[in-house]
Amino acid sequence: LVLSLAWLGPALGDEDKEEVVEEEEKEKKEDEVLSDEIKEEDHVLVLHEHNFARALSEHQLLLVEFYAPWCGHCQQLAPAFAQAATELRNESSPARLGKVDATAQTALANEFGITSYPTLKLFRDGNRTHPLAYTGRMDSQGIVRWMQRRAGPSATLLQDTDTATTFINSQDLVVVGFFKDLRGEAAQAFFEVAAEMVDMTFGVAEAAELFQAYGLSADTVCLFKKFDERQTNFPVDPSRGLDTAELTRLLRIHSLQLVMEFTNETSNQIFGAKIPHHMLLFLNKSSSEQLSLRDGFRAAAGGFRGEVLFVVVDVTGHGADVLPFFGMTPADAPTLRLVKMENNRKYQMEQDNFSDSAIRTFIQAVLDGKVKPHLLSAEPPEDWDTRPVKVLVGKTFEQVAFDETKNVFVKFYAPWCPHCQAMAAAWEELAERYKDREDIVIAEMDSTANELENITIQGFPTLHYFPAGPGRKMVEYKSTRDVETFSKFLDNGGTLPVEPPVSEIKEQPPCPRQSPDPPG
């Protein structure tokens with residue numbers, strides 16, 4: 001508005017009036033900042049250091065997003081955050097959403113330890129000293145559900161057998177906690193779990209008739225399903241009590257079907273369960289012969305629940321997108337792969353055998369460390385060593401990276417990773433700068449198509465420096481990704497000169513090891 005008036009004033013021949021208006025606008029804006037008035041944008045409270053206390057006092061549950069205007073993740077979250085705020089407002093929930101520009105409101109950012117964007121924190125009952133970190137999904141439905149669980153009872157009280165039967169039959173999967181004392185420590189821990197696991201429906205019971213109806217004599221958490229085992233019991237240990245982390249893990253594991261099909265709808269469940277190994281059956285669902293292989297696969301699954309998740313992947317459906325991750329094409333189906341999730345190591349049978357006994361034997365051998373991982377490697381391009389940036393593949397990595405006469409700086413990347421794409425030009429410029437140095441090699445490796453036995457890449461891009469000389473030494477580069485800093489690192493022999501520490505707020509971590517929804 002001030003800028004508009006600055007242009008219009010001279011045109012109207014009223015320069016004195018323009019100066020007065022500018023000053024009034026400036027004073028008005030200063031008053032707005034100093035005021036504790038709370039304004040809204042799309043039902044999201046706009047908060048700053050002068051109205052933050054008022055917002056806490058007026059709203060029982062307040063979820064605050066600390067953001068930076070330049071942050072891409074914040075911009076992506078904004079529509080979902082606004083939609084969630086609108087939904088909660090429309091249902092007259094005591095839960096409200098607010099936002100703080102942490103780059104402008106540095107006092108608030110420092111007070112709440114904001115080190116990355118966006119950061120979401122929940123303030124309850126005006127408590128400013130112990131906000132709760134947001135743990136839900138970053139979409140409108142996830143935010144609404146997470147807040148609803150904290151606004152109302154996290155579990156429905158079941159009074160008698162009729163209400164319990166209706167509740168249990170209402171959905172494919174429900175969790176019911178049976179406790180002799182709903183005010184006891186075990187029940188309170190159960191309510192905590194229910195508040196966090198917003199994608200499941202929770203009930204609670206203490207009536208003696210319900211204990212008897214479901215064959216229980218002591219405090220027990222029961223998972224009721226309309227598939228596989230109909231009722232799975234998790235008794236509460238009288239001496240240890242109820243461990244929230246362990247109960248969460250067990251519910252995640254047992255809420256999954258014994259054999260999952262990899263689809264867009266199930267991918268979050270598959271990876272969210274945190275099961276350490278995935279056994280994958282790749283098949284073409286249009287082939288009845290291949291579909292029949294599921295019987296033996298399922299028969300092998302029961303003995304490994306919690307340790308190995310069995311997943312069927314249709315190579316002509318949703319699974320087609322992940323085939324490159326395994327170096328496969330649809331023509332490779334049917335075939336089996338076992339993936340160790342902590343390091344993405346893949347294992348395969350010497351000869352595929354789809355009988356349940358053969359699958360069990362193979363899995364046990366992998367778990368016992370008796371099978372070597374199957375490592376992917378692309379073929380080296382013909383001109384791999386003629387360009388400034390040398391192109392490495394699994395087959396050529398050892399001979400280049402561990403050449404005792406060379407200092408080798410390697411970028412491990414993924415073609416789809418935006419961070420890798422952003423630094424590509426800098427890496428090329430670095431290679432040009434050192435292309436005439438006989439003792440320095442600038443290289444890169446596509447880690448989605450190539451794997452190494454003793455080096456695990458967890459995120460993209462990852463930069464490793466392999467110094468010349470005897471021994472298989474490796475130094476991870478963790479500093480700024482620009483040409484000048486890279487050059488300082490190389491010229492200083494694989495370390496950076498010591499400089500005063502700089503406090504930096506990061507927008508986001510590197511790209512995760514996996515592209516969207518690869519099984520393993």
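Just so you know, glycine gets a Cβ as well, placed from its N, Cα and C.
Per TrEMBL, these features apply:
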- 14-25: compositional bias 'Acidic residues' (COMPBIAS)
- 26-35: compositional bias 'Basic and acidic residues' (COMPBIAS)
- 509-520: compositional bias 'Pro residues' (COMPBIAS)
- C71-C74: disulfide bond (DISULFID)
- C417-C420: disulfide bond (DISULFID)
- 3-152: domain 'Thioredoxin' (DOMAIN)
- 366-495: domain 'Thioredoxin' (DOMAIN)
- 14-35: region 'Disordered' (REGION)
- 490-520: region 'Disordered' (REGION)
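Across the domain 'Thioredoxin' (366-495), DSSP helix (H, G, I), strand (E, B) and coil residues number 33 helix, 27 strand, 70 coil. The Cβ of C417 (disulfide bond) has 19 other Cβ atoms within 10 Å, all protein chains considered. There are 23 other Cβ atoms within 10 Å of the Cβ belonging to C420 (disulfide bond). Cα of C71 (disulfide bond) to Cα of C417 (disulfide bond): a distance of 17 Å. C74 (disulfide bond) sits 20 Å from C420 (disulfide bond), taking the Cα positions as reference.
In the shown protein chains, 21 other C-beta atoms lie within 10 A of the C-beta of C74 (disulfide bond). In the shown protein chains, 19 other C-beta atoms lie within 10 A of the C-beta of C71 (disulfide bond).
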